[in-house]
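Have a look at the structure below before the remarks.
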Amino acid sequence: MGTKRSFFNRRLHSLLGVIPVGFFLVEHLFVNYKATEGAQAFTEQVEWLWGMPFLTALEIFGIFLPLMYHGIYGLYIAFQAKNNVNNFGTFRNYMFMLQRVTGVITLVFVMWHLWETRIYKEIHNLSAADLTEHMASILSNPIVVVIYIIAIIAAVFHFSNGMWSFLVSWGITIGPRAQRVSTYVWAVVFVMVSYLGVSAVIAFADPSFATQLAQ
């Protein structure tokens with residue numbers, strides 16, 4: 001019974017890491033990338049997003065609860081897992097270890113980011129323009145910028161490498177050739193999505209972004 005429950009929990013953890021948590025990560029970074037077009041473009045994108053029907057229900061049941069399960073159970077897996085880097089030193093063993101490390105980094109960062117953005121927005125009843133200004137203020141600190149960049153790269157790695165593992169564990173990429181091709185595909189995805197996230201952080205941190213808000 002315990003084995004069956006563990007199998008189910010791991011399958012659910014794996015599935016939720018793709019749908020909807022993985023989808024939300026990519027969507028969130030795409031939205032943030034609008035900051036590279038200026039403060040007004042980002043604010044309009046946020047207003048459009050907030051105008052979606054059933055947004056609160058979608059956030060609770062489609063994002064927060066799946067994220068909570070994926071994060072908490074992922075922590076359990078991370079501290080139960082035995083890394084084989086010292087024993088074997090293969091590429092995949094290093095990816096296995098990094099998956100666990102980046103998972104912990106991502107979880108801590110997401111909790112912090114939720115507190116200083118989504119929860120802060122509700123407490124202070126921020127408008128989309130207010131949130132834009134708030135993000136620029138947060139990222140006016142160079143140390144915070146570095147933390148954000150590291151955390152975003154960690155999160156995107158966790159997603160990309162997790163997708164490789166998902167395809168293997170669900171029997172989609174079978175055999176060395178398919179798995180090798182999948183490695184290349186998700187490496188490209190990692191670079192592209194990381195670029196979106198890092199570019200957005202740099203845009204928010206740019207002094208000209210704050211100048212646009214003052215106009």
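Including glycine, each Cβ sits where the backbone N, Cα and C put it.
Sequence annotations record features per position, and here TrEMBL assigns heme binding site to HIS28, HIS70, HIS113, HIS158. HIS28 (heme binding site) has a Cβ environment of 17 other Cβ atoms inside 10 Å.
Annotated transmembrane segment per TrEMBL: 12-31 (among others), in sequence order.
The transmembrane segment annotation in TrEMBL covers 51-76 (among others).
What TrEMBL lists as transmembrane segment is 97-115 (among others).
Under the heading transmembrane segment, TrEMBL lists 135-160 (among others). If you look at the transmembrane segment (135-160), the same-chain residues 6 or more away from its ends with a CB under 8 A from one of its CBs are 17, 22, 25-26, 29, 35, 39, 98-99, 101-103, 105-106, 109-110, 113, 116-117, 186-187, 189-190, 193-194, 197-198, 201-202, 204-205, 209-210, 213.
The transmembrane segment annotation in TrEMBL covers 181-205 (among others). Sequence-distant contacts of the transmembrane segment (181-205) (same chain, six or more residues past either end, CB-CB distance under 8 Å): 25-26, 29-30, 32-36, 135-136, 138-140, 142, 145, 148-149, 152-153, 155-157, 159-161, 163-164, 167-168, 173.
With the fewest other Cβ atoms inside 10 Å of its Cβ, the least crowded of the binding-site residues HIS70, HIS113, HIS158 in this structure is HIS113.
Those residues noted as binding heme (HIS28, HIS70, HIS113, HIS158) have their most widely separated CA atoms at a distance of 17 Å.
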